[in-house]
Amino acid sequence: MIEQSLDNLILASSSERRVALLKQINIKPGLVLPADIDESPLKKELPKDYSIRMAKSKAEKIQSANPNYFVLGVDTVVACGRRILLKAENVEQAEKCVRLLSGRRHRVYTSVCLLIPDQSKQHIRTVVTIVKFKRLSEQEIKYYLASEEWKNRAGGCNIQGLAGMFVLFLRGSYSSVIGLPLHETNCLLSNYFNLY
């Protein structure tokens, strides 16, 4: 298959996983630019709303400097109930997240925002996936934390790596949990690009 190079598409992300996921469906953005935004949740902000706001903010930040481009902003949020689990900045935070998720269901919200040049239009899709982890032993928790796979991961979890062995079930989109819902992203982009 030939990879589609979409020269006038910017992926507003620093995530190599998202670039790899786009490549999986033969899409190569013209540019990949990280958006430096404040990612602090608002008081009492719900996980889905936070995910949408972050995806939109990332896209808007990049498009403000590149108004003639389509911009794809994406954000993935792990939530236990209404509690948003941010990226762990240290091993203590990662341990809190892993212990909280142990033996429980949690939701992963991934929002995709596509901005059209000059912000004449915006499209937002959010995919919710339910994931259940097995009850983790102390040994498993220590082993996972020592791996440092939790670094720069929403909720401190990398199901492509070691945390994959903790998943009892996943209901929804696997690619969304990794960082980009492929079906929804393909549908959004195919409205504006000839992908086939």
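Placed from the backbone N, Cα and C atoms, the Cβ positions cover glycine too.
As the structure is a computational prediction, the values presented were derived from the model and not from experiment.
Copied over from Swiss-Prot:
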- D75: active site, proton acceptor (ACT_SITE)
- R17: site 'Important for substrate specificity' (SITE)
- T76: site 'Important for substrate specificity' (SITE)
- Q160: site 'Important for substrate specificity' (SITE)
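Mapped onto this structure are the features recorded in Swiss-Prot.
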{"residue": "R17", "record": "site 'Important for substrate specificity'", "DSSP class": "helix"}
{"residue": "D75", "record": "active site, proton acceptor", "DSSP class": "strand"}
{"residue": "Q160", "record": "site 'Important for substrate specificity'", "DSSP class": "coil"}
Among T76, Q160, which are recorded sites, the residue with the most C-beta atoms within 10 angstroms of its C-beta: T76
Nearest of the recorded positions (R17, D75, T76) to Q160 (site 'Important for substrate specificity'), judged by Cα-Cα distance: R17
Nearest-integer angstrom distance between the alpha carbons (Cα) of D75 (active site, proton acceptor) and R17 (site 'Important for substrate specificity'): 12
Candidate with the highest Cβ count within 10 Å, taken from the recorded positions R17, D75: D75
Rounded to the nearest Å - Cα separation of T76 (site 'Important for substrate specificity') and R17 (site 'Important for substrate specificity'): 12
